Amino acid sequence: MAPAAGPRTGKHAKPQRSKTLKRKRGQEELSSLIQRVEDLDLKGIFKSFSDLPLSEPTASGLASSHYKTLTDIQSRAISHALKGRDILGAAKTGSGKTLAFLVPVLENLYRKQWAEHDGLGALILSPTRELAIQIFEVLRKIGRYHTFSAGLVIGGKSLKEEQERLGRMNILVCTPGRMLQHLDQTALFDTYNLQMLVLDEADRILDLGFQQTVDAIIGHLPKERQTLLFSATQTKKVSDLARLSLQDPEYVAVHETASSATPSKLQQHYVITPLPQKLDILWSFIRSNLKSKTMVFLSSGKQVRFVYESFRHLQPGIPLMHLHGRQKQGGRLDIVTRFSQSKHCVLFSTDVAARGLDFPAVDWVIQLDCPEDADTYIHRVGRTARYEREGRAVLFLDPSEEEGMLKRLEQKKVPIEKINIKANKQQSIKDQLQNMCFKDPELKYLGQKAFISYVKSVYIQKDKEIFKLKELKLDEFAASLGLPGAPRIKFIKGDDTKQRKNAPRAAAHLLSDDDDTDEEDGEKKSKKKEEPQVRTKYDRMFERRNQDVLAEHYSKLINDDGTMVAPNAGAGADADEDDDFLSVKRRFDAGDKDLGSSGDEDDESEKGNKKNVKVRREKLLKSKKKLLKFKGKGTKLVYDDEGNPHELYELEDEEQFKARGDAKDQQAKFLAEEAERTRLADMEDKEIAKQKRREKKEKRKARERELLAEAEEEETLVQLPPYEGDQDDEAPRPSKKPKVKFTEANDREEAEPWYKKSKKSSDQAAHTPRQIQTLEDLESLATGLLG
């Protein structure tokens with residue numbers, strides 16, 4: 001008899017009970033955490049992470065990473081972010097803004113019990129790859145005890161590998177370009193359930209360089225989300241904030257009332273350096289600071305490469321590195337790692353390393369080229385003096401850049417002092433650079449590209465109060481780079497563009513109307529330039545010269561009408577008509593109607609026509625388009641329902657207009673109606689466009705899913721072995737074929753040709769089944785075969 005059903009006993013009972021208790025305890029802790037967050041006082045003062053209502057995994061991750069004390073931006077921003085509010089965070093460089101948005105990301109997803117099947121929960125955008133890698137490493141440290149899946153999506157890596165894993169990610173740290181590529185191309189990647197959007201260095205991401213990309217990314221995201229914006233120079237433009245659909249954002253600026261926008265322990269200086277002496281002073285500075293860690297910022301990648309290669313050949317006695325956007329991702333990451341770990345080193349870099357990167361113990365920040373604005377200056381000098389450490393920064397300014405740049409820095413509350421360089425400390429490397437460029441053509445070519453890129457970077461700057469290209473000594477600067485002469489630059493010319501544009505018009509007005517032949521020739525030349533005709537082989541044949549020896553000499557001896565010029569005549573002499581018996585007086589075209597008229601009358605009429613009718617007038621009469629400007633404008637009539645004609649734009653009667661009310665009221669009413677109509681039409685158009693994009697994306701993703709499903713089905717096809725269930729009932733097959741004794745007929749078959757043999761054998765095979773009709777026939781056949 002079977003035992004009665006009852007509660008499980010034994011070794012399996014205790015683990016099940018412990019799992020139930022653990023799940024119940026987790027639910028109680030989660031509800032308690034949610035209640036603590038709701039009761040959080042936003043006006044309170046928080047000094048450590050333990051004062052905040054954080055979950056156990058986040059608190060353990062912060063403690064393991066040795067984060068205990070809160071900075072100003074962290075204490076104010078984290079509390080608002082935990083409440084689910086949108087934030088505009090602004091703080092000085094090196095003040096801990098990364099933790100200010102990573103902690104709320106982990107906490108908000110933890111309280112919502114986010115899992116893998118819930119999809120993407122948080123998206124963190126960074127302007128550069130290096131900053132994205134740094135954010136991802138911090139996220140891995142503090143989130144090590146969470147169960148979320150986090151991913152890093154940047155350019156320079158395999159797109160297919162990212163596509164395979166992207167659908168399982170809960171948190172993504174990415175750059176805008178690669179993120180948009182996945183949103184457009186990856187079929188299994190959806191963002192409809194996104195909870196948080198974070199923009200680090202928000203002013204740079206919302207700048208014109210990323211504007212179209214960021215707008216496209218935001219178009220894929222849901223509007224119901226929490227948005228966090230952080231930067232050292234935060235944007236307050238209404239247009240930028242409207243693009244992000246922020247809902248009552250909290251502006252957290254902890255250093256807005258501070259005396260300076262840069263760290264207090266940062267010593268800032270500037271040096272007036274003429275453009276041709278910049279490399280000499282930079283070389284002298286590096287030689288005198290061999291036991292320090294220095295970052296040198298330049299305006300373009302080609303300048304970085306040239307300065308790095310030339311200084312590397314000169315061997316200053318300190319390790320040199322260079323970083324720019326044209327390098328491959330593996331090399332860039334290796335350079336960032338090596339520079340972070342080194343104690344004494346010089347890094348030449350573009351603005352790719354100007355924002356957000358945390359290099360430990362940087363002593364000097366040198367800005368060899370003037371930054372484009374004060375915000376860029378603040379971010380550059382922020383690579384040193386981080387987390388209350390000391391640091392020094394030096395800005396190299398040309399005399400033409402001093403006044404404008406100092407005015408911009410003063411507006412941003414940047415304290416900076418002027419210093420002078422001792423003349424006996426300077427070392428000139430001009431001759432050495434010339435020698436290297438003479439010996440190495442590649443270095444010379446790189447120097448030319450560096451010169452052009454620098455001039456172009458100055459030319460495209462918007463602030464012309466700072467960047468005055470015409471006041472720069474470009475020839476001397478080219479010589480200081482070791483070049484034999486200044487390279488030609490296409491966009492720099494002596495005349496202004498407007499003057500060049502208006503020059504042909506001014507020249508055309510000066511021409512008199514009597515010079516019809518000159519104008520006609522000029523028009524013909526311009527037409528030839530504008531519309532090049534196709535030249536056939538016959539045209540080329542008749543345009544050939546020197547077809548015989550006397551061709552050029554003979555052309556000098558004849559006039560245009562074919563008559564000969566006297567040998568002893570001057571240059572302006574007429575043809576010698578006495579040499580020929582008959583001479584041509586006048587030529588007529590074939591089929592001319594005026595052949596019967598007298599010659600004198602024709603000559604007089606031709607002269608009169610030439611005086612009265614001009615070439616331009618003839619062309620004007622032949623062109624309908626040119627005659628339209630002398631005609632009046634046409635009128636268009638519109639008929640009402642009763643059949644009465646009205647003008648297309650008919651003015652209303654004054655009495656009817658006054659009867660409808662005051663003019664200002666009518667104007668306000670009309671503007672309100674039109675604004676409402678355009679607003680509704682705009683909303684409808686946007687919704688239609690969005691729906692079309694979504695349908696197109698869904699069709700593409702469905703197609704990709706079908707292709708993936710077909711590929712998986714093809715891969716999973718397996719050939720099963722034959723069913724062996726009925727083989728036991730059957731007789732076992734013989735292991736060997738029975739021996740057959742060939743008769744004389746078989747011998748005859750072997751002797752016959754192959755084509756007869758095959759036909760005969762096929763005939764036998766066809767007739768054999770018909771002869772076997774009874775069991776006796778089968779036995780006789782078997783005995784015959786067995787012999």
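A Cβ is built for glycine as well, from the same backbone N, Cα and C atoms used for every other residue.
Under the heading ATP binding site, Swiss-Prot lists ALA91, LYS92, THR93, GLY94, SER95, GLY96, LYS97, THR98, citing sequence analysis as support. In three-state terms derived from DSSP, LYS92 (ATP binding site) belongs to neither a helical nor a strand segment and is classed as coil. In sequence order, ALA232, HIS255, ALA258, ALA261, THR262, PRO263, GLY382 are the residues of the chain that are 6 or more apart from LYS92 (ATP binding site) and have a CB within less than 8 Å of its CB.
Per Swiss-Prot, compositional bias 'Basic residues' is recorded for 9-25 (among others).
The compositional bias 'Basic and acidic residues' annotation in Swiss-Prot covers 522-542 (among others).
Annotated compositional bias 'Basic and acidic residues' per Swiss-Prot: 586-595 (among others), in sequence order.
Same-chain neighbours of the compositional bias 'Basic and acidic residues' (656-690): 219, counting only residues six or more beyond its ends whose CB sits under 8 Å from a CB of the stretch. Feature annotation from Swiss-Prot assigns compositional bias 'Basic and acidic residues' to 656-690 (among others).
With a threshold of 8 Å between CB atoms, the same-chain residues lying at least 6 positions outside the compositional bias 'Basic residues' (691-700) that come near it are 184, 187, 219. Marked as compositional bias 'Basic residues' by Swiss-Prot: 691-700 (among others).
Marked as compositional bias 'Basic and acidic residues' by Swiss-Prot: 741-755 (among others).
Summarising the annotation, Swiss-Prot assigns domain 'Helicase ATP-binding' to 78-252.
Swiss-Prot lists 278-437 with the feature domain 'Helicase C-terminal', giving sequence analysis as the kind of evidence.
If you look up Swiss-Prot, you'll see 1-28 (among others) marked as region 'Disordered'.
Annotated region 'Disordered' per Swiss-Prot: 494-542 (among others), in sequence order.
Annotation comment: Swiss-Prot describes 560-579 (among others) as region 'Disordered'.
Annotation source Swiss-Prot lists region 'Disordered' at 586-618 (among others).
Per Swiss-Prot, the feature region 'Disordered' maps to 653-776 (among others).
Swiss-Prot lists 47-75 with the feature motif 'Q motif'. Outside the motif 'Q motif' (47-75) by six or more residues, the chain places 29, 33, 36-37, 40, 82, 89, 91, 95-97, 99-100, 103, 106-107, 110-111, 141-146, 252, 254-255 with a CB less than 8 A from a CB of the stretch.
Residues or ranges marked as motif 'DEAD box' in Swiss-Prot: 200-203. Mean pLDDT, taken over the motif 'DEAD box' (200-203), works out to 88 on the 0 to 100 scale.
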Tell me, if you would, which residue among GLY94, GLY96, LYS97, THR98 (binding-site residues) has the fewest other CB atoms within 10 Å in the structure shown?
GLY96
Identify all same-chain residues not among ALA91, LYS92, THR93, GLY94, SER95, GLY96, LYS97, THR98 whose C-beta atom falls within 8 angstroms of the centroid of the ATP site's C-beta atoms; report them in sequence order.
THR71, ILE73, ALA232, ARG386
Tally of helix, strand and coil residues over the motif 'DEAD box' (200-203) according to DSSP?
2 helix, 1 strand, 1 coil
How about long-range neighbours of the motif 'DEAD box' (200-203): same chain, 6 or more residues beyond its ends, C-beta under 8 Å?
88, 97-98, 101, 124-127, 131, 135, 229-235, 355-356, 375
Take the Cβ of THR93 (ATP binding site) and count every other Cβ within 10 Å, whichever protein chain it belongs to.
24
